[in-house]
Amino acid sequence: MTHAAIDQALADAYRRFTDANPASQRQFEAQARYMPGANSRSVLFYAPFPLTIARGEGAALWDADGHRYADFIAEYTAGVYGHSAPEIRDAVIEAMQGGINLTGHNLLEGRLARLICERFPQIEQLRFTNSGTEANLMALTAALHFTGRRKIVVFSGGYHGGVLGFGARPSPTTVPFDFLVLPYNDAQTARAQIERHGPEIAVVLVEPMQGASGCIPGQPDFLQALRESATQVGALLVFDEVMTSRLAPHGLANKLGIRSDLTTLGKYIGGGMSFGAFGGRADVMALFDPRTGPLAHSGTFNNNVMTMAAGYAGLTKLFTPEAAGALAERGEALRARLNALCANEGVAMQFTGIGSLMNAHFVQGDVRSSEDLAAVDGRLRQLLFFHLLNEDIYSSPRGFVVLSLPLTDADIDRYVAAIGSFIGGHGALLPRAN
């Protein structure tokens with residue numbers, strides 16, 4: 001494997017992509033006149049230019065040039081229902097017919113709140129927001145006020161929204177709270193540092209599985225250590241389940257048997273509409289009770305009828321607890337097939353994750369934190385992405401794989417075959433297993 005060979009392979013991939021997608025390129029160039037980088041969502045950009053997606057149906061997408069793809073990214077986990085599910089579309093239309101901007105409590109929000117609290121037992125009460133980012137910000141605000149402390153424990157590689165990122169390089173857009181950043185999946189260090197800073201710590205915020213860093217599962221002993229340490233020092237524990245709530249019938253934390261003080265939700269729970277929620281212990285959430293509590297929480301679209309209707313329809317008619325369990329089992333089976341394929345081909349490539357979420361990594365051995373991926377050549381992930389596009393599979397440049405309900409067995413077989421052809425076609429460029 002040489003750097004020059006990988007560069008050449010990537011240049012060839014760029015050229016084929018550009019030749020095949022003139023309409024997307026024109027759209028990108030026209031849009032860039034009015035939007036910086038033609039973009040309002042950074043994760044969607046990739047060189048030489050991103051595809052313009054024209055429409056979706058079921059588990060299929062069509063781009064501006066008419067190419068059809070099997071969708072294996074599913075709106076970065078928000079699209080668990082696929083595209084244009086009739087049950088959700090009908091619910092949204094019915095809600096709109098009753099009026100969109102009602103400027104008041106409405107008939108739909110209470111039933112969705114009850115459904116979520118019943119689905120996720122650790123949530124006694126909740127409030128709606130417009131995104132997972134907002135949900136995490138409000139959960140942190142609640143913890144700071146409830147404890148009267150200022151320090152927030154987070155973990156390297158963590159991502160809790162557009163203004164709460166803790167990757168390898170500090171993000172200038174991260175809000176300026178007093179953060180203590182600790183290594184992920186290191187129970188010993190977490191216990192020691194939380195005990196050391198205990199009187200200052202208001203809250204410990206963690207993903208039970210880190211999503212943006214590459215589907216890195218939190219080890220049960222690590223998550224349990226956070227629960228015990230937070231309790232010991234009088235801090236709150238917040239599980240960010242914006243992504244992971246879909247990984248088990250009642251959320252990943254419930255499956256692990258670890259109860260947080262607050263939980264944040266987002267993505268798919270709004271039925272594909274803008275959605276977020278935070279909730280948990282009733283005594284903490286009472287801070288936001290406008291009759292007695294000291295904290296205000298506003299947002300014009302927090303309880304918008306389209307999200308309230310779509311969310312309820314999705315959770316009752318499509319992504320039931322039984323459906324969540326079945327989708328997780330499909331994901332486990334797929335990941336096992338992919339890892340067996342990589343092992344049989346002798347390449348240092350693996351898929352980490354839980355259930356219906358997984359990520360490709362060009363590395364051998366256990367992946368317990370983002371530090372274990374620091375030496376991975378990012379160009380290989382790009383090669384994989386463009387290879388999958390050539391195989392009519394839409395995925396993520398970072399190797400993220402997301403299953404949705406409408407994906408068929410044939411779609412999944414095609415994905416496995418595409419990974420096999422990628423290894424076969426680029427094997428000389430890939431690291432070999434020891």
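Any Cβ shown, glycine's included, is placed from N, Cα and C.
Taken verbatim from Swiss-Prot:
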- ARG41: (S)-3-amino-3-phenylpropanoate binding site (BINDING)
- GLY132, THR133, THR300: pyridoxal 5'-phosphate binding site (BINDING)
- LYS267: N6-(pyridoxal phosphate)lysine (MOD_RES)
Just to verify a number: CA distance, THR300 (pyridoxal 5'-phosphate binding site) to LYS267 (N6-(pyridoxal phosphate)lysine), in angstrom, no decimals. 19
Densest Cβ environment (other Cβ within 10 Å) across the recorded positions ARG41, LYS267 belongs to LYS267
If you draw a 10 Å sphere on the Cβ of GLY132 (pyridoxal 5'-phosphate binding site), how many other Cβ atoms land inside? 28
On a simple 10 Å Cβ count over all chains shown, which one of the binding-site residues THR133, THR300 is most densely packed? THR133
Roughly how wide, in whole Å, is the group GLY132, THR133, THR300 that binds pyridoxal 5'-phosphate, by largest Cα to Cα distance? 16
Do you know offhand how many angstrom separate the residue listed as '(S)-3-amino-3-phenylpropanoate binding site' and THR133 (pyridoxal 5'-phosphate binding site) by C-alpha? 13
Could you state the whole-number distance in Å separating the C-alpha atoms of LYS267 (N6-(pyridoxal phosphate)lysine) and GLY132 (pyridoxal 5'-phosphate binding site)? 7
Going by DSSP, is THR300 (pyridoxal 5'-phosphate binding site) part of a helix, a strand, or coil? coil
